[in-house]
Amino acid sequence: DWPETGRLALYLLGLRATCPPPEPGHQRSLVTWLKYYLEEDWAGSRRHGRPLTSYYEYSLGILALCVHRKRVREEVIRRLLAAEHHGRFRPAGGSAVDTEAVAALAFTCLERERLVGSRLATELRAAQHALRRRVVEAQGPDGFFGNVYSTPWAMQVFISTKTCQKQPAYSRAMAALLENLDAFSTTATMAQLLPVLHGRSYLDIASMRCWEELNTLKPISPAPLPEMPAGNMTVRLLVECPLPECPQHQLYDQMVSVPIGAYLLDVLKAATAQEPPDFTFDIQDTPQGPFLSRVLGLEAQQQKRSYWQLLSAPSTNLQMGVAEYRPRDGETLILRLSEW
């Protein structure tokens with residue numbers, strides 16, 4: 001029953017990019033569903049003052065419709081404009097570069113494809129400039145805009161507005177990405193990175209001439225994966241809940257033994273098999289890979305703006321998900337129920 005705004009938006013973007021044979025009935029149906037999800041998504045504003053999913057998914061929905069050159073009701077666009085104007089994208093003291101970047105791409109697309117009137121186009125242009133400025137301000141010493149995964153989204157903003165040559169922050173981000181390509185190991189993250197490496201953005205999908213596209217995809221034999229050294233390693237697993245609803249701050253503290261080269265997800269699975277069997281967790285499949293949704297019976301709930309934060313002690317945010325991060329021997333991993 002939950003609106004599938006983001007998932008359907010990504011599917012429609014991918015569908016347009018693959019230049020499929022014309023199936024007007026099928027695509028019209030998907031577009032209609034996405035428009036419906038955008039309206040259902042905003043029904044959450046009556047109670048929470050924001051979309052039921054997130055501003056990220058809401059922005060993706062508008063972007064996907066624009067790339068398909070479908071008009072969006074002005075009220076739908078103005079909801080996103082109002083959120084940008086009042087600074088609702090960013091949590092208190094936090095960063096939301098990916099949301100700001102997707103919203104900027106959506107605004108740029110609507111203006112470029114002339115899907116709005118001149119007055120609204122002027123407002124969209126001003127909002128896009130403001131968002132681009134915030135993205136630059138979010139660049140850290142490591143060169144990333146926010147983190148490694150939000151950086152490709154941010155770079156697409158500069159590409160789509162043809163400002164990458166004028167922006168030194170873009171060059172620093174590209175250098176940082178090229179040094180961290182191994183972080184992009186899922187289909188969804190690679191789909192965000194690859195256009196940037198070729199100097200393209202998702203907005204270029206709208207102007208593709210499918211009849212001129214060459215079929216250059218050729219199957220290749222994958223290179224063999226490097227062998228991991230044999231043996232086990234031990235990591236310390238902590239579960240923390242500093243929120244008011246948790247009577248105890250630290251809920252779990254155990255050493256866990258796993259094979260060398262194991263992923264964080266393997267650590268969690270090994271913890272459930274240990275004695276005493278008091279560790280539990282659940283994951284949710286998302287386009288970005290497995291998402292940690294519940295630990296020790298405590299659920300991360302989007303309605304309550306809570307999530308399970310992954311850290312390496314004492315306070316380093318992991319830049320990868322549970323299925324991508326490989327802990328080091330002796331490392332302390334922290335699962336912390338946090339609010340955004």
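Going from the start of the chain as shown, residues are counted 1 onward.
Including glycine, each Cβ sits where the backbone N, Cα and C put it.
Here is what TrEMBL records for this protein:
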- Asp98, Asn147, Gln192, Trp308, Gln309, Leu310, Leu318, Trp340: cyanocob(III)alamin binding site (BINDING)
- Cys66-Cys109: disulfide bond (DISULFID)
Cβ atoms near Cys109 (disulfide bond) (within 10 Å, other residues, all chains): 25
Number of other Cβ atoms within 10 Å of the Cβ of Asp98 (cyanocob(III)alamin binding site) across all protein chains: 24
Between Cys66 (disulfide bond) and Leu310 (cyanocob(III)alamin binding site): CA-CA distance (Å): 35
Neighbour count (Cβ, 10 Å) for Leu318 (cyanocob(III)alamin binding site): 17
Rounded Cα-Cα span from Cys66 (disulfide bond) to Trp308 (cyanocob(III)alamin binding site), Å: 33
Rounded Cα separation (Å) that holds between Asn147 (cyanocob(III)alamin binding site) and Cys66 (disulfide bond): 27
Inter-residue Cα distance where the pair is Cys109 (disulfide bond) and Leu318 (cyanocob(III)alamin binding site), in Å: 32
Alpha-carbon distance [Cys66 (disulfide bond); Gln192 (cyanocob(III)alamin binding site)] in Å: 18
Spatial neighbours, same chain, of Gln309 (cyanocob(III)alamin binding site) - Cβ under 8 Å, 6+ residues apart: Asn317, Ile334, Leu335, Arg336, Leu337, Ser338
Position of peak Cβ density within 10 Å, selected from the binding-site residues Asn147, Gln192: Gln192
Among Cys66, Leu310, the one of these recorded positions whose Cβ has the fewest neighbouring Cβ atoms within 10 Å: Leu310
Trp308 (cyanocob(III)alamin binding site): tally of other CB atoms within 10 A of its CB: 21
Inter-residue Cα distance where the pair is Cys66 (disulfide bond) and Asp98 (cyanocob(III)alamin binding site), in Å: 18
